């Protein structure tokens with residue numbers, strides 16, 4: 001009875017914390033004003049001074065599938081110690097979903113102090129073969145060979161309102177790939193506007209009306225999105241952004257970033273699925289107002305986005321990371337949960353016990369938990385001088401006589417899609 005009472009009180013406390021956290025959520029404008037003054041949110045001019053000039057690309061144009069395949073194979077052959085070329089799966093028509101990995105150790109699956117960059121040139125190679133250069137709307141080539149829009153094809157967050165479609169081969173491949181590696185940060189590059197779209201894309205409503213729908217990590221996503229937009233030549237600037245005036249819209253966001261559901265609701269999108277079902281934080285970058293820009297536009301399109309892409313990649317190191325291990329054996333513990341202040345996305349440790357959790361500047365209580373171990377909470381501070389923290393966390397096994405004793409209460413909030421674990425032995 002005492003344990004049940006303690007669990008009930010804990011559950012009430014967590015509910016109170018959830019309300020408090022919701023009330024404390026700042027608006028996008030308030031968050032942007034905060035991030036504007038942070039020293040590591042850079043403009044493209046500042047990044048040019050910090051990084052220096054980038055090497056000129058010899059050939060700006062669209063590549064068909066065969067040309068791209070040969071180019072990637074040639075690049076991998078030229079830099080075998082820095083790159084790895086592999087396929088994440090195949091399209092409906094049998095084309096490989098090529099992934100080009102860049103790292104000092106590109107073939108390693110367990111790593112701690114290195115960064116691997118995985119580039120997938122096209123998730124929809126069949127559609128890209130049909131696309132028309134210079135098309136503003138991009139209707140031709142948007143869908144795969146089965147005439148399905150892949151960015152509406154992932155499992156939806158609210159299937160009672162918007163039923164999920166049968167996933168296409170490309171979608172299944174992306175989901176499997178996304179869960180097979182410890183991805184931390186990603187960007188999904190689109191065309192059709194000039195902004196950064198962050199979760200959630202979907203909203204808990206039967207009517208597809210625009211509605212600001214923040215995730216539990218809203219402040220983090222606003223910072224990620226604004227960091228990219230600010231590092232772009234003109235994405236962050238107020239006023240019309242498209243060179244072709246016909247492509248500008250009065251509803252374009254003020255700071256070059258937008259909550260997906262506030263812009264327009266998308267059910268079955270990839271960025272929401274990644275946030276809910278993997279450890280990865282993803283935004284969608286609309287890189288250009290035209291869906292398929294002309295060859296002569298490619299050079300300035302690259303120059304507008306190159307420093308923003310590099311800066312965005314660097315943000316993967318603004319994180320709490322480390323190693324979770326068994327105190328008795330010293331072995332890493334896979335699938336241990338890592339939660340920050342019990343209110344944001346819960347991530348899990350990788351197969352060797354490693355974990356990476358993106359976080360903004362702030363003070364955090366980080367809890368490490370596993371069904372077979374006694375949870376541990378550590379206090380962590382991230383500052384502008386120290387944007388990352390590395391922890392080694394040992395967990396002790398729950399004594400066998402208590403392992404299955406007492407209730408385990410779990411609360412799943414369908415509005416925000418994250419879990420609370422209440423353990424009576426805490």
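In case you wondered, yes, glycine gets a Cβ from its N, Cα and C as well.
Note that this is a predicted model, so its numbers are computed, not measured.
Listed ranges 35-63, 64-92, 93-121, 122-150; the one TrEMBL annotates as region 'Disordered' is 122-150. The Cβ of residue 286 (active site, proton donor/acceptor) has 190, 191, 192, 193, 194, 195, 196, 197 as same-chain neighbours under 8 Å, each 6 or more residues away in sequence. Across the range of the region 'Disordered' (122-150), the DSSP-based residue counts are 7 helix, 0 strand, 22 coil.
Residues belonging to the domain 'Peptidase M14' (104-316) score a mean pLDDT of 87 in the model.
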